[in-house]
Amino acid sequence: METISRQNKPQQQLIGAHMSAAGGVHKAVERAEAAGATALQVFTRNQRQWNAPPLEEHDAELFTAAVRRWGGYPVSSHASYLINPAADTPEGAERSVALMADELQRAGRLGIEMVVVHPGAHKGQGEAAGAALAAARLDEALERCGSPAVMVLLENTAGQGTMLGASFAGLAAVIEASRMPERYGICLDTAHAFGAGYDLRDAALYDAAIRELDVCAGLDRLRLVHANDSLTGLGSRRDRHTHIGQGELGEAAFRLLMRDERLHHVPKVLETPKGKGPEEDMMNMAVLRRLACP
């Protein structure tokens with residue numbers, strides 16, 4: 001399946017949300033369009049189960065047609081939370097590789113270019129060993145999937161337990177250990193970064209964080225931002241999202257993010273609390289757009 005992209009890149013920033021695929025993955029596109037989003041993240045299968053029905057060709061056709069009608073805005077998928085690329089057992093490793101390969105294959109069939117995944121937990125093996133294992137397993141999934149246009153986006157974490165990727169150097173370590181680093185990018189989650197100790201509220205500290213990301217991995221690898229406020233404090237090592245401007249990060253951090261010309265082209269996707277309708281997403285997107293204006 002060919003990837004879908006916009007012919008004319010918009011001048012405004014691309015802002016969207018993770019949308020439900022209830023009723024069919026194409027419904028997520030319809031929900032994004034109805035909310036006024038210009039970026040989208042989806043689950044292409046049940047994210048909390050190891051096994052899922054195969055993606056039917058009809059469903060793939062409905063999805064790609066919906067994306068074209070919407071305008072070809074960027075779409076990413078988020079891989080299952082069950083995947084642990086740094087698993088410390090052969091069984092856990094094989095299950096994670098097989099599931100990640102399925103995620104990548106589904107994305108390829110849907111024309112989705114980016115699959116976000118957490119780098120995993122090293123379970124006491126140490127960060128260096130965990131990074132090497134994560135790279136080897138993700139490389140294997142990329143080889144199995146048969147979708148050469150799809151990129152793995154490693155998402156930074158809040159550093160809970162033995163989770164890898166709390167630091168930008170930790171994300172870079174996985175990429176450096178890969179045999180195919182050109183297939184990897186980075187997804188920056190603002191709430192996770194804050195939980196891991198990156199203070200994004202102060203201009204100087206925010207700039208230092210982005211410069212650190214650039215030095216460690218290169219800003220050219222940053223393909224997606226998860227714009228989430230945090231219910232928990234700086235360095236809490238906890239992952240709790242809330243509405244933009246209503247958490248510990250506050251509007252100051254997102255004003256810096258939205259006015260950072262280095263990241264102007266990077267899609268910003270919300271993973272904030274939802275209600276029964278699109279109102280919460282529309283509210284949060286409106287806040288981001290407002291903060292982008294000088």
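Keep in mind that glycine also has a Cβ here, set from the backbone N, Cα and C atoms.
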Among HIS118, HIS122, HIS192, the candidate listed by Swiss-Prot alongside ASP239, HIS241 for Zn(2+) 3 is HIS192
Determine the most Cβ-crowded residue among the binding-site residues HIS78, HIS192, using a 10 Å radius around each Cβ and all protein chains in the structure. HIS192
Can you give me the same-chain residues 6 or more apart in sequence from HIS118 (Zn(2+) 1 binding site) with a CB-CB distance under 8 Å? ALA79, TYR81, ILE83, LEU154, GLU155, THR157, MET163, GLY165
Could you round the CA separation between HIS192 (Zn(2+) 3 binding site) and HIS78 (Zn(2+) 1 binding site) to a whole angstrom and send it over? 15
